[in-house]
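Reading through the structure tokens given below for one structure.
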């Protein structure tokens, strides 16, 4: 039985979440909290296996509560919030503080999408409760020293990133350390719930010196700009590498967006000028695409296991022998800046 703590300040929404979770035979709601301070006390007393957490609460909000829980007793946290763009942006801050996933609040019973929302909530809570490696957010640390003689860098360059569970925190660390004059566009596939892409892009834009936007089909790719895959769409680049492509092609390995189409696309367009980065996440999405990128002469950076919330995707890339470098997020940023410098 998976023991769940529900944290939500609105009684009606809290009752809805409790009802959905309690209806599943594998889940038991062991406690309910109406703010972050109460949540922390119940985590200490009940030691739940998973937590659903709202972000907009008083006096202690979900971001503060997540940070305190991850520092004191790391527990899988699923953020459940409204799709208001400001709340979505706050949800990203909670992910950076250590939460593993973010979902929109379920629609009420009788709504056409209620069954799908309930199923998604239950499935996500179960999956996150099984995450074996949970780490509190790391303090900043010195980057690994760069190689003495970096390889030559081609003129046309691009950085493609794939991430899932635990990825937002790592990506934030990377973007905060990159130079504003990055001489390449940066494309990001992040597995995230529907409705969260715009808030995710806004949050990334606040994480460092690089502007970030949700990509659209045909968008001109600009150096020093982060281009984020839209909700439920694959992201790639045009054959000449100048524009974004956004498609609703079938999911790859169950994911849309997926890292594999992105990596394959930049491999075909940029060849040796492509750099693939694979960050924390469950499963092995992106690994097949990284193999194509390596065959095209590109380079691959995989996040090290010790700094991952979940070492599935980068671990699979390392196991396949695809990583040219295995680094913590801060060091990934420094290595990218080195490889891409003019």
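Placed from the backbone N, Cα and C atoms, the Cβ positions cover glycine too.
According to Swiss-Prot, the protein carries these features:
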type     : residues : note
ACT_SITE : 164      : active site
ACT_SITE : 191      : active site
ACT_SITE : 285      : active site
DOMAIN   : 3-120    : domain 'Response regulatory'
DOMAIN   : 152-342  : domain 'CheB-type methylesterase'
MOD_RES  : 54       : 4-aspartylphosphate
Ranked by how many other Cβ atoms lie within 10 Å of their Cβ, the active-site residues 191, 285 are led by 285
Per DSSP (three-state), residue 191 (active site) is coil
Restricted to the domain 'Response regulatory' (3-120), the mean pLDDT of the model is 94
Grouping DSSP H, G, I as helix and E, B as strand, the residues of the domain 'Response regulatory' (3-120) number 53 helix, 25 strand, 40 coil
